[in-house]
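Summarising the annotation, Swiss-Prot assigns ATP binding site to 48, 50, 330 and lists experimental evidence as the type of evidence. Under the heading K(+) 1 binding site, Swiss-Prot lists 130. Taken from Swiss-Prot, the feature K(+) 2 binding site covers 133. Taken from Swiss-Prot, the feature disulfide bond covers 110-142, and the record attributes it to a large-scale study or a structure entry. Taken from Swiss-Prot, the feature topological domain 'Cytoplasmic' applies to 1-65, 172-390. The topological domain 'Extracellular' annotation in Swiss-Prot covers 93-116, 134-142, and the record cites a large-scale study or a structure entry as its basis.
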C-alpha cells in the first residue's frame, strides 16, 4: 500500500496545512473584456472575413501591418526568388546558345564564364545587386540576354523600393512615438470649482513636443434601446475642459484633463457604488498630434474601467519651480490624495445644494480646529536688565 507522502507532493500538503479551513473560498471574479487596453491596443478579434482578397489590393499597407518575423521572411524570400528566377533565365540562355558545353571554337558566348547553374545564380546576384566582380558579363551575341538584363534591373529596383520602403515605414511608425506619451493608471472623480469632475493626467516624456495635440474621450458601454435592440459597444463623446478651451492642449508638461459632470454628461447618474458593480463602463482616452521631429501624426490611447476610477481623490502636484525653471517629478505622476467629496451622483448634487454647502462648511472647519490648538509660549533666550539701560 502506498503511503500518503508518496502520492501527494510535500509542497501541496504544506500549503493546505497553512490554509484556514473556516475561511470561505472565493473564485476570482472574471473581469470585463476591455475594448482598448491600457497600452492602447484595440482588443478586437476579426473573424470569418470572407473577402481576403481586399488585403492584396493594398499590398504595401498589408506588408507594413505584418509582424516583424513575417516582414523579414517576405523581404528575404522576395530577393531569393528573384535571384533564382533570373538565374534560371540566364542558364536557359546559355544552354540554348550552347555555352555550357566545352568547345574549342572561337564562338562568342551570350554571357561569359557561365558553365553551370551555380555560375548563372552568381551572375544573377551580380546583375541585380550591381556587385560587379568583373568575371562575368553580357556580350553582344544574344539580344535576348540584353533584354533579360534590362528586365532584371527594373525588377530589382522595384523590389528594393517596395521592401526597403516597407522596412522604413515599420521602423518609423507613429505608434513608436506614442510609447513616451503616458497616462495615469487611475482616473479620479472629485470636486473642482464646486462641480464633480472626472480627471486624468497625461504627460510626455520626450523633450520634442507634440504639435497641435488634441485629446478626446468616449464612454463605451452596453445599452439597450427602447425597441429592445442591444448595442454592445455604444460610444458617447465626453466634452472636456483643459483650462484653455476646446480639445487642444499644450503638452510641454504633464496636464490634468478634466470633464465637468453636468446634465449633458454620460456620467451624470454615476454613483460611487457603481464603480464597484458597474461592469459595462469603459472610458476611452485618445491623444492625437503631430510629431515635431518627423511630422508624422501619432496617436496614443488608453482606457479606464469602472474599478480604475477613484472617487474622492485628487492628483498630487508634480511640477515645481527650481533654479529659474520648472521641474517635473514623474515618480509622483499617478499619486493621488483623498479629498472631501460628496458620495452622491452629480444629479443629486445639482438637485440638493445643501450637500455641497455642508461639505464646504466641514472643510472650512478643519483648518480652524487646527488653529485653536493652544501653543506653548516660547521663553526668551536672553533678558535685558534695567541696569543695562541706565
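Keep in mind that glycine also has a Cβ here, set from the backbone N, Cα and C atoms.
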Of the binding-site residues 48, 50, 130, 330, which one sits closest to residue 142 (disulfide bond) when you measure Cα to Cα? 130
Sequence-remote contacts (6 or more beyond its ends) of the topological domain 'Extracellular' (134-142), Cβ cut-off under 8 Å? 93, 97, 108-114, 119, 122-123, 126, 149
Densest Cβ environment (other Cβ within 10 Å) across the disulfide-bonded residues 110, 142 belongs to 110
Longest CA-CA distance among 48, 50, 330, per record bound to ATP, angstrom: 48
Calculate the per-residue pLDDT averaged over the topological domain 'Extracellular' (134-142) and state the result as an integer. 84
Inter-residue C-alpha distance, residue 330 (ATP binding site) and residue 110 (disulfide bond) (nearest angstrom): 70
Could you state the whole-number distance in Å separating the C-alpha atoms of residue 50 (ATP binding site) and residue 130 (K(+) 1 binding site)? 43
